[in-house]
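See structure below.
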Amino acid sequence: MLADLRTIVDKAAASAYAVAAFNVFGYEDAYAVVQGAEQLGSPVILAANLNAIQHMPAPVIGPLLKCIAERASVPVCVHLDHGKDFDYVMQAIKYGFSSVMFDGSQLPFEDNVQQTREIAKAAHAFGVSIEAEIGSVGYSDPAVNMKHQLSDPVETASFVEQTGVDAVAVSVGTVHRMEAQSAAIDFARLEAIQSKVSIPLVIHGATGVPDEVLGKLVTMRVGKVNIGTALRRAFGRSLREEMERRPDEFDRIMLFQAPMDSVKEAAIQKMRLLGCGRLS
Ligand code: G3H
Ligand code: ZN
């Protein structure tokens, strides 16, 4: 069933699990993720980022993900990941996303507050939940020219109060697109943030978080954990192996079976680490 972000993430933040938000790029990985969530009886978030929407425009991927969500036996939120401006976010809402993120993390604080507040007001007018980011979760790829800045607890509280967002992404040590699970989480900072903020916290770049640290994160007021690279690696590696194993096969439906299974298994593994396996 199609779910609102707030409904599933508020509950997770108050409990010892977090909802996984997996970056998906089309039917194959989205369907595999939902199959994994159904196997665990867990809610899940399908997150479409700019790369996904450049590959498959919002009028196509929005209804596709919404349809997959509506047919699922578990709550599935269809979420826009890292939206960069008002029109882009509004377009996602128009095409069926049940939740959006506005990422003003590269802007000066006051501009981030002002733009986030305006977009939050518009999203809420359509009954859509909104996540925003304070501080900035950087990128491990030096070619991505974005700043990395840890979230300040006092600034985070002020940002949440002024913008009225439903969930806030904080920068506490993770970096996007890490392949090694070696991110060092600043738990003292996370604790200081959660003592000042009452809405669910979101961790981005969680592919780089060690398994045991994921288990600790969910005991805090973390309600949503974003994972992208881990699933893209699972799909890509499996597809490469499959093509080597079956050099004469040219039918994509046949070639995609193993990568879809790999994505499903990788998603289940991460959801279990996030405490979702205990929900069923
Ligand atoms: O917004 C998406 C995520 O933060 C994914 O990050 O690819 O490093 O897991 P990741
Ligand atoms: Zn992210």
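Using N, Cα and C of the backbone, Cβ positions are placed for all residues, glycine too.
Where the annotation comes from TrEMBL, it is an automatic prediction and has not been curated.
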Residue in His55, His176 which TrEMBL records at the Zn(2+) 1 site where His82, His204 also bind: His176
Secondary-structure category, per DSSP, in which Asp103 (Zn(2+) 2 binding site) falls: coil
Secondary-structure category, per DSSP, in which His204 (Zn(2+) 1 binding site) falls: coil
List of residues, in chain order, with Cβ under 8 A from that of Asp81 (active site, proton donor) and at least 6 apart: Ala21, Asn23, Ala47, Ala48, Asn49, Ala52, Met101, Asn226
Cβ-Cβ neighbours of His82 (Zn(2+) 1 binding site) (radius 10 Å): 23
Other CB atoms, at most 10 A from the CB of His204 (Zn(2+) 1 binding site): 28
